[in-house]
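Here's the structure we're looking at; comments come further down.
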């Protein structure tokens, strides 16, 4: 296993509600990252076909036409579109954690597929609890989604979606899996809007999401790749976001790469800029903060506090045998 790894975090605008266009752009970004020598690349939450922000700003009845399009442009894990992405990853010889809206039957899930340098999906997970209004669109991941970390030639790579970073027990379970490089997949998150126009909470801002990702690095002593979406004015109407006070354009991005002590390892880019942030990391640097804090080792008290995990995958239908 290589100790020095070049990592990349995507900050980019999706090809909204367009599956084929989304796949084309995904492959383009993989090729661009490969040309820059990236070994591990992280994409935002539901990068394909974009995060439908209008569910937060419009009534369900005023949003139904977008959700119908959204369902038809979500990607199946075993599909020709995914095969194209897998081929691009194989050609690049990297590890990719891809966030997308997964269609399985007639249901959608907020998925992350872990694709290794051979182009194989070596792990697939779904957000275990979509947040608030998200539950009107996406279903929940089951026990297989508790596994967050894979072994790779570039280290142990993990990933969570958005507010899964605010699930302390899930974070702890990922730490116990030995994560070294963590992909923090986020949608676009914006600045605090004018309180005279809307009652909004700080925890739903890019700054708060940035800090939550940084805390993961500090608490888990892992490198963290923060991947986020952006929104430009040209796509406001397409997303049914005209006139709302929350989604300021261009904006939404807050991508960053953190070291295992929480230190930023690259320069930030503007919230509305397209970029692949990169950093060369040394996995041996993890030992430095681990010597101070190992929350699943010497800095734990399992005799007093411990985590109980149910790994059983429930089935919708079980056929009994006589």
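A Cβ is built for glycine as well, from the same backbone N, Cα and C atoms used for every other residue.
Quick look at what Swiss-Prot lists:
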ACT_SITE  45  active site, proton acceptor
ACT_SITE  127  active site
ACT_SITE  162  active site, nucleophile
DOMAIN    5-283  domain 'CN hydrolase'
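Shown on the structure are the features that Swiss-Prot records.
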| residue | record | Cβ neighbours (10 Å) |
| --- | --- | --- |
| 45 | active site, proton acceptor | 28 |
| 127 | active site | 26 |
| 162 | active site, nucleophile | 24 |
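Cα to Cα, the residue listed as 'active site, proton acceptor' and the residue listed as 'active site, nucleophile' are separated by 7 Å. Mean pLDDT across the domain 'CN hydrolase' (5-283) comes to 97 in this model. In this structure, the CA atom of residue 127 (active site) is 9 Å away from the CA atom of the residue listed as 'active site, nucleophile'.
DSSP gives residue 45 (active site, proton acceptor) a coil state; it is part of no helix or strand.
For the recorded site, residue 162 (active site, nucleophile), the DSSP three-state label reads helix.
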